[in-house]
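Notes for the one structure printed next.
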Amino acid sequence: MRKVTLVFSAIAFAFSLNGVVQAKVQMPESVSSGVTTVELSQRQAVHWVSVEQIEKSLQDQPPMAIGFDIDDTVLFSSPGFYRGKLKYSPNDNSYLKNPAFWEKMNNEWDEFSMPKQIGIELVQMHLKRGDNIYFITGRTKTKTETVTKYLQEDLHIPADKMNVVIFAGDDPGKNNKISWMKEHKLKLYYGDADADIAAAHELNIRGIRILRASNSSYQPLPKAGRFGEEVVIKSEY
């Protein structure tokens, strides 16, 4: 009996020592508020959709005209824009008004752009449906361009299905894409920017948001889903 008592005493002593050691451990300095599992589960009320869900929603509809924005929607083109900023206006964004930049961007620097996987998947889905695809960009128009060529190659579009890229331009206070979307009777438009979704809403057509990559040169990032539009899941790449 005495041995049993000694064993329990030793165990109790060990636990008391462990408590003393733990009591002396200092927590590191907090660097953020942190997050709980409950908070992680409370996602924003966004209407997420997948490529498969979009395709299913169109299954009973005939082929239609649909449109895509280009930069940050089907192409990650930040390398060219970053190069242009460094070369023409490192301290501000005035390079976007410089014709020399657009000549480079529209004819050479898309060689450094990467096609987004979501762009390939969506384009291929619409091609399979027989839809007529238009690319409408806010880039400034130049006398020559190779953007059409790069898109055709990068997104695997057959030559006879590829429409020439439409350069709508970017005028302050004016959404130049609307007239082009109306002219081509688009029924659906994909874009990463608020202006893309606003243009679709203006014409009462279906606007679907593509997520802009967090490392895009186009900052700040927009609030996807803020207009109640559908947002394609995992579309940042």
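Cβ atoms are placed via backbone N, Cα and C, with glycine included.
According to Swiss-Prot, the feature signal peptide maps to 1-23.
Under the heading Mg(2+) binding site, Swiss-Prot lists Asp69, Asp71, Asp192, citing similarity to another entry as support. According to DSSP, Asp69 (Mg(2+) binding site) is assigned to coil rather than to any helix or strand. Taking the Cβ of Asp69 (Mg(2+) binding site) as reference, residues of its chain lying under 8 Å away and at least six apart in sequence are, in sequence order, Phe135, Ile136, Thr137, Gly138, Lys177, Tyr189, Tyr190, Gly191, Asp192, Ala193, Asp196, Ile210.
Among the features that Swiss-Prot reports, active site, nucleophile is placed at Asp69.
Taking the Cβ of Asp71 (Mg(2+) binding site) as reference, residues of its chain lying under 8 Å away and at least six apart in sequence are, in sequence order, Ser77, Phe81, Thr137, Gly138, Arg139, Asp192, Tyr218. Residues or ranges marked as active site, proton donor in Swiss-Prot (evidence: similarity to another entry): Asp71.
Under DSSP, Gly138 (substrate binding site) is assigned to coil, being neither helix nor strand in the three-state scheme. If you look up Swiss-Prot, you'll see Thr137, Gly138, Lys177 marked as substrate binding site.
Farthest C-alpha pair in the substrate-binding residues Thr137, Gly138, Lys177: 8 Å apart. Other residues of the chain with a Cβ within 8 Å of the Cβ centroid of Asp69, Asp71, Asp192, the Mg(2+) site, are Ile70, Asp72, Thr73, Val74, Leu75, Thr137, Gly138, Gly191, Ala193, Asp196, Ile210, Arg212.
Its Cβ placed at the centre, Thr137 (substrate binding site) has 27 other Cβ atoms within 10 Å. In the shown protein chains, 28 other C-beta atoms lie within 10 A of the C-beta of Lys177 (substrate binding site).
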